[in-house]
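A.B. asks: Next up is a structure, given as structure tokens.
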Amino acid sequence: MFAVTIGREIFAQLTANGLFRGTSYGLLGAGFALILGVTGRFHFAYGLTYTLAAYFAFTLHARGTWAGPFSNGIPFIIAGIIGILASSVVGVGIERFIYRPIAKRAGATALLAIFIAALGLGIAGQSLISLLWGQQSVGFYDRGNHLTKVGWRLWKVTFENLDVIQSITSITLIIVFSLILRFTPLGRQMRATRVNPDLATIIGINSKRIYLTCFFIGTLFCAVSAFWYGLQYTVNPDMGARPVITAFVVAFLAGTASSPIRIFLTGVALALLEQWLSMFISTQWTQTAVFVVLFVYLISKSMSGTILGRQVKSIVTFQWARS
């Protein structure tokens, strides 16, 4: 009986951990799927904007402005908002000044060219971050951000106030974006561009503006997740490596044509799977197991005829090289 009780407690704790972590996974996946689904860009520099958001916020909070009332540091919430917006602008800049010119020049090989450019940009960006901020991990709590971590316990499950705040923020963003996508002219334009960008352009939709908007929103989701991660843990140059893989897996499992809520729930399910697997295998192998699940999923989908919510036969002709 004692062993059963302990097992239930561990399972409940892991489930709670998975639910909280899953909201971050879901937000990351929704942002990546938006960019990939609408623009056709394999945006593997997603991890770079994730890292930059945390460092922008940390720098403003720890060092402040050059002069004025915030010379000793900006309040962490304000610093977080500025960092998130700054990272989103970087995402827009990547599309406007890097991906778009490459897609225009590369033509039919744009998919591969952008993929290589994104990988190179991510690696170069991580090296630049290490050069500017150093390779050591830093934390918001080293700077006195006046947000106290409060531990709560509910039915033998422990969690912190930051877990709850981060989850509420992620859920709110997904709900708001779902409403925008469904009921606003901008959302209808995004959906039209995703389905058929050429036809959308013919009927007067500015697809280039839609691409930039998608990069802004997708990067914003990524940046919000990074900010809360930085608050809960630490900020370091390679912190964006795992999130971009997680976002990629979530987007593929859910399908880029799926609704934001479905993608979000897929992220939650993925996090729960990781946590539950840790009861049987080492935590360093849980992500490998997730890739096995992705592999099996893709095999089954290819046999049934659909991947990413699209017919397999259309993958070859799908317009990844959109310009």
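A Cβ is built for glycine as well, from the same backbone N, Cα and C atoms used for every other residue.
Annotation source TrEMBL lists transmembrane segment at 18-37, 44-62, 74-94, 106-133, 164-184, 210-231, 243-265, 277-299.
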A.B. asks: Go through 18-37, 74-94, 106-133, 210-231, 277-299 and flag the stretch with the largest number of C-beta pairs under 8 Å relative to the transmembrane segment (164-184).
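C.D. replies: It is 18-37 that shares the most Cβ pairs under 8 Å with the transmembrane segment (164-184).
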A.B. asks: Establish whether the number of Cβ pairs under 8 Å between the transmembrane segment (18-37) and the transmembrane segment (277-299) reaches at least three, counting only pairs separated by 6 or more residues.
C.D. replies: no
A.B. asks: Does the transmembrane segment (210-231) come close to the transmembrane segment (74-94), meaning at least 3 CB pairs under 8 Å for residues 6 or more apart?
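C.D. replies: Checked: the transmembrane segment (74-94) vs the transmembrane segment (210-231), in contact.
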A.B. asks: Six or more residues out from either end of the transmembrane segment (277-299), which same-chain residues have a Cβ under 8 Å from its Cβ atoms?
C.D. replies: 10-11, 14, 242, 245, 249, 252-253, 270, 307
A.B. asks: Other than its close neighbours in sequence, what residues sit by the transmembrane segment (106-133), given a CB gap under 8 Å and a spacing of at least six beyond its ends?
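C.D. replies: Result: 40-45, 47-48, 51-52, 55, 59, 94, 98-99, 237-238, 240-241, 244, 320-323.
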